[in-house]
Amino acid sequence: MARARRVKRDSVTHIYQTCKQAGTCPPDVINKVEQTTVADNILKYGSAGVFFGGLGIGTGRGTGGVTGYTPLSEGPGIRVGNTPTVVRPSLVPEAVGPMDILPIDTIDPVEPSVSSVVPLTESSGADLLPGEVETIAEIHPVPEGPTIDSPVVTTSKGSSAILEVAPEPTPPTRVRVSRTQYHNPSFQIITDSTPTQGESSLADHILVTSGSGGQTIGSDITDVIELQEFPSRYSFEIDEPTPPRQSSTPIERPQVVGRRRGISLTNRRLIQQVAVEDPLFLSKPSKLVRFSFDNPVFEEEVTNIFEQDVDMVEEPPDRDFLDVRQLGRPQYSTTPAGYVRVSRLGTRGTIRTRSGAQIGSQVHFYRDLSSINTEDPIELQLLGQHSGDSTIVQGPVESTFVNVDISENPLSESIQAFSDDLLLDETVEDFSGSQLVIGNRRSTTSYTVPRFETTRSGSYYVQDTKGYYVAYPESRNNEEIIYPTPDLPVVIIHTHDNSGDFFLHPSLRRRKRKRKYL
């Protein structure tokens, strides 16, 4: 019989990760991962009372830790528990006293006559201002270049000798110049001869100023450029009135002569033309097809599809949109009269087949927008206060006009006399501000009548101290409620009591028995 092969168990860490959540971990796996074995407990509780840090005992690899091992033959090591030795320097530092810096005289504090004022010694203070600027120029001598041996060419013939001499190479010269400058904020250097605005170019300087003139420095001017005067900021021109426009911002676009693809919306043979006057057609066209709620977030700029049940018949808000199942997006065009037209192409679902298909005609819904009317220009007045622009008009009530003829003599007998009827008062009497007195006795009481300001006819309020009654004719039908009573009569029974506080009804008294035979 073959012996079963032993399968190696998985690592402890992987077993702990898979079985910890299920709670099926072996005890040895839990103790090893969580460090709760017997050896771990000995080290854990034993290290609390004993310290083996300086002996090099640990669970490392035997390398001596971070600092390594100390050989026995080399100097003494540091013992655990003892105070470390303080390393002192070989030279003792000397203390610097005040005598080395400034001479100080001692004062006897016992003698009261000694002054406590310390005399000041005159010494030259430090110069804080910069002195002379020292300029140092370091010039390095030219080093000697390498020597080049030139070959000498000789010939044995009688011709002249030709010597080829190579030029000596010249090394670059290195010069370093140092410069020191101090900034003085109270001194300003003017680099230009004329403190005006201008532009400089090489040797010929041309200064261009506005209103203050200028100077020309350099060569003579050869070319004269004719300058044009710019108008001042207060001058303006009044333009001619523009012709009437069809839009607020007209754009000149070239007219493209071509044929539009598809069916034209104005084709009356194939598409029904319906003019819409309701302004909801521009913003919310779906409200003309069916009753719905208003959603301010949704903008109807796309095609609207309306689904309607076959058995359900709804009346639209507008009869022109009856049986409309699809309404296209808005299209903008221009009419021959110059108006802007907003169009929407709709499809009706008038007929429905058994298969579910809807058949209907196409409808062109459009609305022409109003044109921009051209108004006459209005002369505007300047803002502000100006003399002679105000007009004061006084009515005839506030002024008196007297017709006086200076040419006539007042004492002349030919003066025309006026009639006395002109002196009569033609004023209509108005009792709107009068008071009404109630009572026939002499000692009457005055009552204040309030006046109500109204645009209607005058109304007055009169106070009556005797009171008044207001009768409102009305009739009420109060139904009488009949409560049901039992058929048996109500019998009140009083018990016989000799106390004498009540009387028993005679019918309730006990009758005496009559005996027929004694």
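Think of each number as a place in line: the chain as shown, counted from 1.
Each Cβ is built from the backbone N, Cα and C atoms, and glycine gets one as well.
Feature annotations, courtesy of Swiss-Prot:
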DISULFID  Cys19-Cys25  disulfide bond
MOTIF     1-10  motif 'Nuclear localization signal'
MOTIF     510-517  motif 'Nuclear localization signal'
### Query
In DSSP terms, helix, strand or coil for Cys19 (disulfide bond)?
helix
### Query
Of all the disulfide-bonded residues here, Cys19, Cys25, which one's CB has the most other CB atoms within 10 A?
Cys25
### Rounded mean pLDDT for the residues that make up the motif 'Nuclear localization signal' (510-517)
71
### Task
Provide the three-state secondary structure of Cys25 (disulfide bond) computed with DSSP.
coil
### Query
Which numbers of helix, strand and coil residues does DSSP report for the motif 'Nuclear localization signal' (1-10)?
0 helix, 0 strand, 10 coil
